[in-house]
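What follows is a set of notes on a single structure, which appears directly below.
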Amino acid sequence: MEAYGGGGVGRVLLLAFCIAGIWSAYITQGVLQETVSTKRFGPDGKRFEHLSFLNLAQNVVCLIWSFIMIKLWSRSSAGGAPWWSYWSASITNTIGPAMGIEALKYISYPAQVLAKSSKMIPVMVMGALVYGIKYTIPEYICTFLVAGGVSAFALSKTSSKTINKLAHPNAPLGYGLCFLNLAFDGFTNATQDSITARYPKTTAWDIMLGMNLWGTVYNVVYMFGCPHAIGFKAVQFCREHPEAAWDILIYCLCGAVGQNFIFLTISCFGSLVNTTITTTRKFVSIVVSSLLSGNPLSLKQWGSVLMVFSGLSFQIFLKWRKLQRIQKKKKSA
């Protein structure tokens, strides 16, 4: 998509609107995700153990949302990818996020955010080993900062207050689920890129609709495919604890609204600006989690957080500089 060509105060206000939309939607979603995974609901003090149900709920809400957006705003989708082409990407897109959400049973929300921020590591490893891609020293420095920060955070002592809020504290399992989440996300992104390359007229809403359609099918089969499947238990829990049901609904709506603002940001300002906004949002999410949810971080852990986001910020700067060089070459050509 081409960057938005407007200027002046209107462009600044639009950027501020996009930042506010992405931050408010995803920070609220993060708080709700942590709440659902750690809170004890009702007088009986029960936990919502069926966290993968959030994945199905998100699929259903985003499916309905994308269908409405296509009907309201999109032009003819002739030439776009057919609905069946998303079946393989949706398998990994169903398993991956479910693993990321399940990780919250075993590690804290800040730890999960940091682990999922290290997406560049498997990408660079696979690129170097499988495709023989050569990376620059600054790119390796970024990777070292992120990997070192995540490792230092994982090895730091977690406060007893944070551990007591987790359903089943198990750091190796929690981090393992997060990194599997990243691996599945890598396949999902690669498959989506292949689809858009084969069908150039495919819109973001088409992708959102196709992915969530298949995701809904897979999750419904998994969660309601047998009489005692976890989907029935999750629905029963929500009936007995309406507060949990409301948290899940708002969580899903935040995800759908957040995707709206991401599409708007990419179409108006480009993917680099969107990456910058979402990266800073993750840092703010950790701060908000620490302040609101009572997950105190030690000075060593805060140092690890700063290390990770220094690496991510450096990566953004390298991408910006590369983009500037490309634009200069186009102008001089």
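Using the three backbone atoms N, Cα and C, a Cβ is placed for every residue, glycine included.
According to TrEMBL, the feature transmembrane segment maps to 12-32 (among others). Same-chain neighbours of the transmembrane segment (12-32): 4, 6, 109, 113, 247-248, 250-251, 254-255, 257-258, 260-262, 264-265, 268-269, 273, 277-278, 281, 284-285, 288-289, 292-293, counting only residues six or more beyond its ends whose CB sits under 8 Å from a CB of the stretch.
Same-chain residues lying 6+ beyond the ends of the transmembrane segment (53-72) with a Cβ under 8 Å from its Cβ atoms: 33, 36, 94, 97-98, 101, 203, 205-206, 208-209, 212-213, 215-216, 219-220, 223, 230-231, 234, 248-249, 251-253, 255-256, 259-260. Per TrEMBL, transmembrane segment is recorded for 53-72 (among others).
Here TrEMBL flags 84-101 (among others) as transmembrane segment.
Outside the transmembrane segment (137-155) by six or more residues, the chain places 110-111, 114-115, 117-118, 120-121, 124, 171, 175, 300-301, 303-312, 314-315, 318 with a CB less than 8 A from a CB of the stretch. TrEMBL lists 137-155 (among others) with the feature transmembrane segment.
Per TrEMBL, transmembrane segment is recorded for 248-273 (among others).
Annotation comment: TrEMBL describes 302-320 (among others) as transmembrane segment.
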